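The transmembrane segment annotation in TrEMBL covers 9-29, 49-67, 74-93, 105-126, 138-158, 170-190. Marked as Zn(2+) binding site by TrEMBL: 29, 175, 179.
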């Protein structure tokens, strides 16, 4: 099966977001102890990477979810780009990386991610909830969202170290658990969009809708 260029670009956006996010995280944790300036700089880049991962995750599922509906696809992708750029700009703000702003950081990225509820509901209405659940594509997206949300909540609330001070200073603290949930969410999302892509490329040409889909 020949893969079209646009399909490669769509998946490339997801892979690029994941690589940038995990790469920036790796760099931050590696050079954080170098100096205060370097630590703050790479802390900002780390948060920018999270925004890039969210943006990259949106692209393939919106593309395949509205594969046959050009207008909503363009609208949602444009909104995602605008929200992503806004999140990146906020991430570059000096106070954003301070310890006291930890709940705010989690709220920013959770809000960005949860904005996907709107196109997801639209997707379910347009394509049919039963069909999407039975094809498992919507279920994988929901699972991905739950993993990201759970990770962000544990990060924001500092669980479990807030309940057991000193017991999780090195292993199994909230930041490490957060990274595990992010990795799990990324793998689940990849599987979900792969299912969506396989379905779209095997059904053939899109049928023209009887009425415009807004």
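For all residues, glycine too, the Cβ spot is worked out from N, Cα and C.
Overlay of TrEMBL feature records on the structure.
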residue	record	contacts (Cβ under 8 Å, 6+ apart)
29	Zn(2+) binding site	none
175	Zn(2+) binding site	155
179	Zn(2+) binding site	25, 151
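When each of 74-93, 105-126, 138-158, 170-190 is checked for Cβ pairs under 8 Å to the transmembrane segment (9-29), 170-190 comes out on top. Recorded stretches compared: 74-93, 105-126, 170-190; the one with the most Cβ pairs under 8 Å to the transmembrane segment (138-158) is 170-190. Distant neighbours of the transmembrane segment (170-190): 14, 18, 21-22, 25, 53, 57, 61, 140-141, 143-145, 147-148, 150-152, 154-155, 157-161; these residues of the same chain sit at least 6 beyond its ends, with a Cβ under 8 Å from one of its Cβ atoms. Same-chain neighbours of the Zn(2+) site beyond 29, 175, 179, judged by a C-beta within 8 angstroms of the site's C-beta center, are, in sequence order, 25, 176, 178. Residues 10-11, 13-18, 20-25, 73, 76-77, 80-81, 84, 87-88, 91, 109, 112-113, 116, 119-120, 122-123, 126-127, 141, 144, 182, 186, 189, 192-193, 196-197, 199-200, 206, 213 of the same chain sit 6 or more residues outside the transmembrane segment (49-67) yet have a Cβ under 8 Å from a Cβ within it. Reduced to three states, the DSSP call for residue 179 (Zn(2+) binding site) is helix. The DSSP secondary structure for residue 29 (Zn(2+) binding site) is helix.
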